[in-house]
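Structure record follows, encoded as structure tokens.
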């Protein structure tokens, strides 16, 4: 096709059209996140001895790896499953070190950029903003999620009320959906998703939960009982600034986006910023670390807003559920110490039944137990804070998977993940209504 006409003026006018046409014909020419992850790898290793663990921690620190699992290099010890994202310019050095030290490893993701683009539909031309045909089996941007919330608030006013509890560091509204049949005195359940920005399956589940509640309210006796007897306060995206940043700049961003007066590094771990054994074991005081606890408890506007809301309503809120990824675990207090909670039997029974219900769908197994022994010790967590502040049922879900995809859980796994998790949440809620005060 010739784009140039006889006259230069006409040719100049047609050049932009030709360029656009060629871009459409070659969609692979542009890459997500400016191709920043090309050649990056995700590598798993499990140190067999403390000597290996020490050596791995040292090389990981030197190469500035992005730790996927566990959340801090300090957790790496003998037998710890460790997944690291290593940039292309450091992968050769890391692999050479592992081979020379005779440390066994496995490359989980050979090229992070290719995996990212293959497993995501961010670069397609699908109409993702059509609220009438909202697709719950794809990941949605913050703008799309908040538009969806506004839409539900208008179209389902009998069961949904939307409100804001404050603003984020960058000025974004912190929206909540109050779900349930309206009544004066009702117990409540709090659900939040997306405390850590890169854990996209969390917000996907929060949306799925709302969808299922609205669709099955009339047909499912259990759901009808839940919404008639309880309110659900649902925060689909807790860390709104970080989540937005993970869509526009860095897919694997974890923290909030607050600035630090002394360091160029931005953000605080919103799950280390709560006033419960703040900045103790499992949290970092360095602003550049992913587990940075912040300059003081509740320093982050997002954490402060949620803490204030929970404090105000703690007499009625009987359960706190927070959704994370990845590990396939259902955790309960304590995170910050090795100790048994007073209502252990009730909470442990609920967790046991929840993971069994979850497994009954697709056979996916979740570990369950106190966070400190099942995962690792961490201080300043939202779950521990909720429990310490009078909410007797406090759980944290670590959703799929166990590392094959990690934070890049494909969209084709959203439906099965949310379907099985829905059963677990319903089980916990019904257990709360039947047995525990």
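Start at 1 and count along the chain as shown; that gives each residue its number.
Placement of Cβ uses the backbone N, Cα and C atoms for every residue, glycine included.
Listed features, source Swiss-Prot:
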{"type": "ACT_SITE", "residues": "398", "note": "active site, proton donor/acceptor"}
{"type": "BINDING", "residues": "196, 197, 198, 199, 254, 271, 272, 325, 326, 376", "note": "substrate binding site"}
{"type": "BINDING", "residues": "196, 199, 324", "note": "Zn(2+) binding site"}
{"type": "DOMAIN", "residues": "138-432", "note": "domain 'Peptidase M14'"}
{"type": "CARBOHYD", "residues": "89", "note": "N-linked glycosylation site"}
{"type": "CARBOHYD", "residues": "153", "note": "N-linked glycosylation site"}
{"type": "CARBOHYD", "residues": "427", "note": "N-linked glycosylation site"}
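Taking all protein chains in view, 24 other C-beta atoms sit within 10 angstroms of the C-beta of residue 198 (substrate binding site). The record gives 196, 199, 324 for Zn(2+). Within 8 Å of the mean position of their Cβ atoms, the other Cβ atoms in that chain belong to 194, 195, 197, 198, 202, 254, 271, 323, 325.
Put simply, of the recorded positions 198, 398, 427, the one whose Cα is nearest the Cα of residue 324 (Zn(2+) binding site) is 398. Residue 254 (substrate binding site) sits 29 Å from residue 153 (N-linked glycosylation site), taking the CA atoms of both as reference points. Of the candidate binding-site residues, 196, 198, 199, 326, the one lying closest to residue 89 (N-linked glycosylation site) when CA atoms are compared is 198.
If you take the Cα of residue 427 (N-linked glycosylation site) and the Cα of residue 272 (substrate binding site), they are about 28 angstrom apart, rounded to a whole number. Here residue 153 (N-linked glycosylation site) is positioned 27 angstrom away from residue 198 (substrate binding site), judged by their C-alpha atoms.
For the recorded site, residue 199 (Zn(2+) binding site), the DSSP three-state label reads coil. On a Cα basis, residue 199 (Zn(2+) binding site) lies 16 Å away from residue 272 (substrate binding site). Of all the Cβ atoms in the protein chains shown, 23 others lie within 10 Å of the Cβ of the residue listed as 'active site, proton donor/acceptor'.
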